[in-house]
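In Swiss-Prot this protein carries:
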type     : residues                       : note
SIGNAL   : 1-18                           : signal peptide
DISULFID : Cys36-Cys219                   : disulfide bond
DISULFID : Cys98-Cys557                   : disulfide bond
DISULFID : Cys197-Cys211                  : disulfide bond
DOMAIN   : 426-543                        : domain 'Plastocyanin-like 3'
BINDING  : His463, Cys526, His531, Met536 : Cu cation 4 binding site
Amino acid sequence: MGMWWIVAVAILAHTASAAVREYAWEVEYKFGWPDCKEGMVMAVNGQFPGPTIHALAGDTIVVHLTNKLATEGLVIHWHGIRQLGSPWADGAAGVTQCAISPGETFTYNFTVDKPGTHFYHGHYGMQRSAGLYGSLIIDVAKGKKEPLRYDGEFNLLLSDWWHEDVLSQEIGLSSRPMRWIGEAQSILINGRGQFNCSLAAQFSSTSLPTCTFKEGDQCAPQRLHVEPNKTYRIRLASSTALASLNFAVQGHKLVVVEADGNYITPFTTDDIDIYSGETYSVLLTTDQDPSQNYYITAGVRGRKPNTPPALTVLNYVTAPSSQLPTSPPPETPRWNDFDRSKNFSKKIFAAMGSPSPPETFDERLILLNTQNLIEGFTKWAINNVSLAVPGTPYLGSVKYNLRTGFNRSSPPKDYPVDYDIMTPPRNRNAKQGNVSCVFPFNVTVDVILQNANGLNANASEIHPWHLHGHDFWVLGYGEGKFKPGVDEKTYNLKNPPLRNTVALYPYGWTALRFVTDNPGVWFFHCHIEPHLHMGMGVVFAEGLNRIGKVPDEALGCGLTKQFLMNRNNP
């Protein structure tokens, strides 16, 4: 049977309210024109971005994923899905499964337990940078009431795009000296951007011409067609490899109502900052002049911008679809106005009725983020350990007690008290390792992310940290070094938001709390693709004696391969 098909029929499951949604996907490279310049993209069933999955809370999703790449392994991570009872389906190569070899098919099977805006992406090498991503939208279960009221919705997947291929980028990052990937050439909205022209050329000081498109152009923007005096839900997800973004709609207020798949206390803003790995829902009311169209913009924040903002158009159906707005697009806030960014983050509170965090913690980790050298190679390290994922997936090693699958020694839970976070490290050296933090089942863990200066003076970056397998409560943010016994007094324990991704700001700290109630092994890492490639991550293992059955197909590499062969052929 040919594999260029997709099964989109929902099969009734054992309960009346849940369905099984089954898909067959092939992933391969193809030529595309994401930003009006031809390049290689990773496509799912020929689509870039990949197909959108729509499901209801409680549904089971089954994806038969075939690797049609000639020379690369493959996995897909279901970003924001907690994988309760299915840690092997999380899609993190070397952590929860082996990479799928070329020509092979692996089946993901998991339940989506609650509604929310999510996405999926490659999690092997830097395949997300190559375009392996798509949207994953979970609506409320049948018979349940959506608390938000709106007349229609749009789904916008934001990403950044380079003209240099990802393999060259990976080689450069792993070279001595390192060759940095540089800023992206374009920002894409739903896989479409414009590198050599502008939708707002008449308002720009650059020499770029006004974009003109013909039917079928892959880089032509997807306009959002709206009716006057209606309210629309815009679902935003950032799958960027590097860029932090600011999103705005000209002349319209945004009411932020959801963050990382969790309802929040609504608040109104002119624009929002969105970091790699984050998702939001905003409500927009079309209450402006219905004879006009309006720019939608996504511009770079947090890094000195060398990438033009992405643009598309909010088209009132009472105005000509091809008509461009008559005034300039919203200006992206200054890239290094971090106070503005922090103020936005501090406006996000959990919706009434959301779960509250435990009042105290059982264990605490303070994770220092540093840039270091290992034998002359530039790396990122956590408490002076740069992560190198082992050849045997952690999940297989702990499930079958394979003691040599990774280093079983405990990693540092803190860093030296005299470390100066404001200057380059006195000792630039770090070590490489594959240790994991092991926790008992159902304990409360606090994680303090501590930022610091990089290898160069006056250089501290934003790092968006993403935790697999969990939501966590964001308890607070602070400046400088975290002070145990003092800074806890600033925590928000009343209504902290539940997130799966959180920003760590330059020279500051971010505090989060989670409960180890999901047996498995879970990646926790910076969601900036090159930073993770250079070692910026840790691994949490919890409730190990409660991990259920793991399909053999997930673990057919490394030490688990031989173990399973011996077990199945005594």
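Using N, Cα and C of the backbone, Cβ positions are placed for all residues, glycine too.
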Next item on the list: Taking Cα atoms as reference points, rank the disulfide-bonded residues Cys98, Cys197, Cys557 by distance from Met536 (Cu cation 4 binding site) and give the first.
Entry: Cys98
Item checked: Per-state residue totals over the domain 'Plastocyanin-like 3' (426-543) - DSSP helix, strand, coil -> 9 helix, 54 strand, 55 coil
Next item on the list: Could you round the CA separation between His463 (Cu cation 4 binding site) and Cys557 (disulfide bond) to a whole angstrom and send it over?
Entry: 32
Notebook entry, point to check: Cys526 (Cu cation 4 binding site): which of the disulfide-bonded residues Cys36, Cys98, Cys197, Cys557 is the nearest Cα neighbour?
Noted result: Cys98
Margin query: If I take every residue in the domain 'Plastocyanin-like 3' (426-543) and average their pLDDT values, what number comes out?
Written below: 98
Margin query: Highest Cβ count within 10 Å among the disulfide-bonded residues Cys197, Cys219: which residue is it?
Written below: Cys219
Check: If you measure Cys36 (disulfide bond) to Cys557 (disulfide bond) at Cα, how many Å is it?
Finding: 40
Next item on the list: Count the Cβ atoms, other than its own, that fall within 10 Å of the Cβ of Cys211 (disulfide bond), considering every protein chain shown.
Entry: 19
Next item on the list: For Cys211 (disulfide bond) and His531 (Cu cation 4 binding site), determine the Cα separation and express it in whole Å.
Entry: 34
Note to self: With an 8 Å cut-off on Cβ distance to the His463, Cys526, His531, Met536 Cβ center, who else from the chain surrounds the Cu cation 4 site?
What the structure shows: Asn369, Trp380, Pro464, Trp465, His525, His527, Ile528, Leu532, Gly537
Notebook entry, point to check: Nearest to His531 (Cu cation 4 binding site) by Cα distance: which of the disulfide-bonded residues Cys98, Cys197, Cys219, Cys557 is it?
Noted result: Cys98
Notebook entry, point to check: Which of the disulfide-bonded residues Cys98, Cys197, Cys557 has its Cα closest in space to the Cα of Cys219 (disulfide bond)?
Noted result: Cys197
Item checked: Cys197 (disulfide bond) and Cys557 (disulfide bond), distance between Cα atoms, whole Å -> 47
Check: Looking only at Cβ atoms, how many others are within 10 Å of the one on Met536 (Cu cation 4 binding site)?
Finding: 23
